[in-house]
Amino acid sequence: MVKAYLRYEPAAAFGVIVSVESNITYDSSGKHLLAPALEKVGVWHVRQGVCTKTLAPSPASRGPSLAVTSIASSTSSLVASGYADGSVRIWDSEKGTCETTLNGHKGAVTALRYNKLGSLLASGSKDNDIILWDVVGETGLYRLRGHRDQVTDLVFLDSGKKLVSSSKDKFLRVWDLETQHCMQIVSGHHSEIWSIDIDPEERFLVSGSADVELRFYTIKRGLVDGQPVSTIKGAENVNNGDSTTQNKWEVLKHFGEIQRQSKDRVSTVAFNKSGNLLACQVAGKTVEIFRILDEAKAKHKAKRRLNRKKEKKSAKAEAEVMENGDTNHGTGEEGNALLVTAPDVFKLLHTVRASKKICSISFCPITPKNLLATLALSLNNNMLEFYSIESSGTTKTLGIELQGHRSDVRSVTLSSDNSLLMSTSHNAVKIWNPSTGSCLRTIDSGYGLCGLIIPDNKYARVETKGGYALVGTKDGTLEIIDIGSGTCLEVVEAHGGSVRSIAAIPNVNGFVTGSADHDVKFWEYELKQKSGQGTKCLTVSNVRTMKMNDDVLVVAVSPDAKYIAVALLDCTVKVFFADSLKFFLSLYGHKLPVLCMAISSDGDLIVTGSADKNLKIWGLDFGDCHKSIFAHADSVMAVQFVHNTHYIFSVGKDRLVKYWDADKFELLLTLEGHHADVWCLAISNRGDFIVTGSHDRSIRRWDRTEEPFFIEEEKEKRLEEMFESDLDNAFENRYVPKEEVPEEGAVALAGKKTQETVTATDLIIDALDVAEVELNRIAEHQEEKTRGKAAEFQPNAIMLGLSPSDYVLRALSNVNTNDLEQTLLALPFPDALKIMSYLKDWTSNPDKVELVCRIATVLLQTHHHQLVTTPAARPMLTVLKDILYARIKACKDTLGFNLAAMDHLKQLMASRSDALFRDAKSKLLEIRAQHSKRLDARLETREEKRKKKKQKKSRDGHSWT
């Protein structure tokens with residue numbers, strides 16, 4: 001009889017506030033911050049410091065290590081997130097739902113940017129390509145190819161008509177999106193460009209690289225009388241008219257450089273929403289904030305610089321006259337032209353210094369009163385910080401840190417009733433509710449390597465209020481923690497080396513520890529009253545010590561407390577009698593040290609996991625090795641039996657959790673989810689859930705479901721996944737030479753071949769075959785009917801009561817919008833012809849006009865040469881030529897009518913309402929202009945006062961002489 005097992009599924013992941021692979025960004029309202037949390041995006045309410053919702057892919061669409069690598073928010077509630085597998089998901093952040101998934105890139109998505117309207121999304125990737133996506137139509141428009149290395153950032157220009165991309169290939173490229181070609185390549189950087197941004201008014205573009213300076217460019221918005229127009233009025237003296245013809249199509253014009261304070265490479269450059277601040281974040285602990293001066297101040301600064309230059313020049317000339325007596329020196333008028341440069345416009349205001357290395361920054365789009373801006377920082381120690389920026393300085397206003405560890409989760413332990421979970425890290429112990437994932441307590445501690453929540457049973461003579469816990473540290477100490485009060489009661493100097501393992505002794509009032517100082521120590525719990533305290537507190541006392549020949553890595557006690565197993569650094573496991581400490585067995589066979597082990601509930605089996613990547617299952621009666629299994633692709637870090645069974649869970653540095661049957665020596669399940677080495681494991685008493693902790697700082701809970709599975713089915717599934725995982729490296733594509741992209745760039749299709757597109761192609765071919773058979777049956781029935789022999793026609797039940805034409809249309813309509821092109825590309829020419837024969841019927845459905853046009857366009861582009869030379873296709877093409885144009889025109893007319901009607905309604909509402917529809921931008925510009933005039937007036941009065949003081953001093957000096 002074939003045995004069925006119950007499946008374990010990922011249920012919750014907690015402990016990650018922000019991961020390092022992606023950027024952070026505010027949503028359009030400025031109330032929420034979107035932070036990457038491995039495969040999820042956390043939506044944090046900034047004022048409350050609480051994660052209100054998480055945007056996570058559904059389990060069906062989730063793959064291994066699907067980390068978020070880029071996030072972008074639009075002007076609406078839509079948010080785009082890019083992933084390590086090249087997919088892009090569009091989310092509604094208010095509803096918390098995934099609107100669509102866009103597949104196109106073959107490498108991790110490294111850059112995402114919406115245009116101002118939020119209708120277009122540009123994505124850049126490690127595959128060196130840029131893809132433009134239609135957010136409304138949920139489809140890829142085209143792929144821009146030209147960069148020789150990873151695309152690092154993207155920016156839209158000129159109302160979304162142009163796109164600027166930066167890359168690790170040290171070049172900026174300007175793309176014209178209307179003609180889909182590269183119109184300018186900007187060189188000049190000496191190292192990889194990591195980030196670019198433009199100010200809201202599109203006057204300047206700034207780029208940051210590993211160079212010591214930030215480079216600035218002015219943006220030419222368009223052509224007036226065939227000549228380019230610069231956005232900077234102060235830059236009119238840059239060009240003297242001699243190079244206008246060759247720079248006619250130049251969009252970016254070099255404006256200057258500013259020296260940075262830090263020597264680290266630039267990670268992010270970003271303007272704030274109002275355009276008066278520029279932040280430059282480096283790959284270190286600092287963010288440099290620059291103030292952007294308005295035109296009048298920039299000119300004033302340039303004037304002062306020019307005056308200083310003149311004074312120096314005249315002083316030098318006078319010195320030469322005195323020395324040589326020569327009066328015929330140059331007038332120096334060539335330097336009199338007022339030229340505004342980057343240092344005149346950008347002035348260093350502050351430097352923000354964070355406590356740890358900064359991963360990403362984001363300006364809040366809403367500026368609070370009395371502040372210049374609010375800046376959010378994500379740090380590489382799983383922390384978010386918020387700073388308010390004022391003219392006088394910067395202040396840290398908030399830090400989100402309690403919901404996660406600052407570094408690796410080194411051990412996890414469940415309480416005896418599974419209601420509490422304790423995790424240890426390099427400087428803190430956290431107590432969690434494992435069912436909700438909420439952090440209940442955070443206690444400062446040493447570097448905790450192992451832990452134990454003291455079992456609350458009749459043998460533990462301790463009246464626990466909330467319970468006690470023990471933590472073994474790297475320093476060799478034992479920390480006694482009161483969970484109820486969240487305090488460390490005592491630190492016991494237990495060992496001379498790091499405490500590697502703690503194991504409770506069942507049915508005995510004590511526990512055992514193993515350490516790198518070669519000692520195995522036995523301890524008992526005691527209640528002692530300290531001086532000055534009314535209540536008794538828990539303490540521990542050492543009752544026995546067993547000396548070993550090498551470092552102790554793990555200790556395990558059998559459930560009947562009869563044996564104690566000790567794993568040593570010499571790759572062996574020694575088993576002793578727990579009462580007399582006499583030697584019983586030596587388990588020898590691992591090639592590298594044993595890092596973990598566990599004894600089954602019935603005491604029959606002991607399983608050991610080693611750095612040699614193997615699991616060995618031993619009999620505890622004679623010490624014979626039942627089976628050695630190559631279990632993980634890297635060191636096995638933890639192993640544990642499910643209570644009262646011979647099922648084993650193991651975790652390793654290969655990021656996987658594996659479920660085994662120790663009697664049949666079979667792999668049952670492989671659970672993927674962690675993004676880094678998995679360090680530790682804990683299983684509930686009933687085996688209904690397991691908890692794992694990882695180097696990625698996450699703690700994950702995996703729940704047992706009621707869904708049964710069979711070993712053979714799982715084996716087949718794994719083989720299918722291996723076969724399907726690498727479609728691009730299929731045999732027919734393996735030796736095809738790579739296409740060389742020309743320097744000026746090229747355009748290609750946006751989508752990519754996936755398992756979904758292959759499946760969709762198969763379904764369409766099946767639908768065409770079924771429809772063809774049905775059409776033949778209908779034709780035969782008609783013939784028989786004319787002869788008078790026909791019985792009643794019975795339609796095919798598979799077609800769900802649809803006509804052959806509608807059945808094929810249904811199959812095409814079910815294809816994801818983004819996958820349609822790739823699905824049709826895979827169709828053979830005879831099947832493409834069959835589809836084209838149905839197009840005429842489908843055009844009569846007004847809802848499907850857009851879909852029919854897309855199908856017709858893709859098939860015509862793909863099979864153009866064959867269609868032209870196929871006589872049977874000509875009548876179809878002639879009919880489609882007349883029908884499609886008419887249908888599209890009718891569709892456009894309907895849309896135009898609806899838009900005009902909505903515009904009319906908007907005007908009616910504006911005329912009836914007191915609150916008129918106003919252009920907020922023009923109002924804002926007006927306020928800014930007034931503000932700058934007031935500042936200029938103040939500066940002028942100050943200058944006048946200074947001049948008067950100088951004149952007065954000079955008069956006083958003359959009168960004194």
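Every residue, even glycine, has its Cβ placed from backbone N, Cα and C.
These features come from TrEMBL:
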COMPBIAS  301-313  compositional bias 'Basic residues'
COMPBIAS  935-944  compositional bias 'Basic and acidic residues'
DOMAIN    805-907  domain 'Small-subunit processome Utp12'
REGION    301-334  region 'Disordered'
REGION    935-961  region 'Disordered'
REPEAT    61-101  repeat 'WD'
REPEAT    102-135  repeat 'WD'
REPEAT    144-185  repeat 'WD'
REPEAT    186-222  repeat 'WD'
REPEAT    402-442  repeat 'WD'
REPEAT    492-526  repeat 'WD'
REPEAT    587-628  repeat 'WD'
REPEAT    629-670  repeat 'WD'
REPEAT    671-703  repeat 'WD'
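Between the repeat 'WD' (671-703) and the repeat 'WD' (61-101) there are 3 or more Cβ pairs closer than 8 Å, counting only residues 6 or more apart in sequence, so the two stretches are in contact.
When Cβ-Cβ distances below 8 Å are used as the criterion, the repeat 'WD' (186-222) is approached by residues 149, 152-155, 157-158, 164, 166-174, 228-232, 235, 250-260, 263, 265-271, 273-275, 278, 280, 292, 342, 345-346 of the same chain, each at least six residues removed from its ends. Under DSSP, residues within the repeat 'WD' (186-222) fall into helix, strand and coil as 0 helix, 23 strand, 14 coil. As a summary of secondary structure, the repeat 'WD' (144-185) carries 0 helix, 25 strand, 17 coil according to DSSP.
Note on the repeat 'WD' (671-703): its mean pLDDT in the predicted model is 93.
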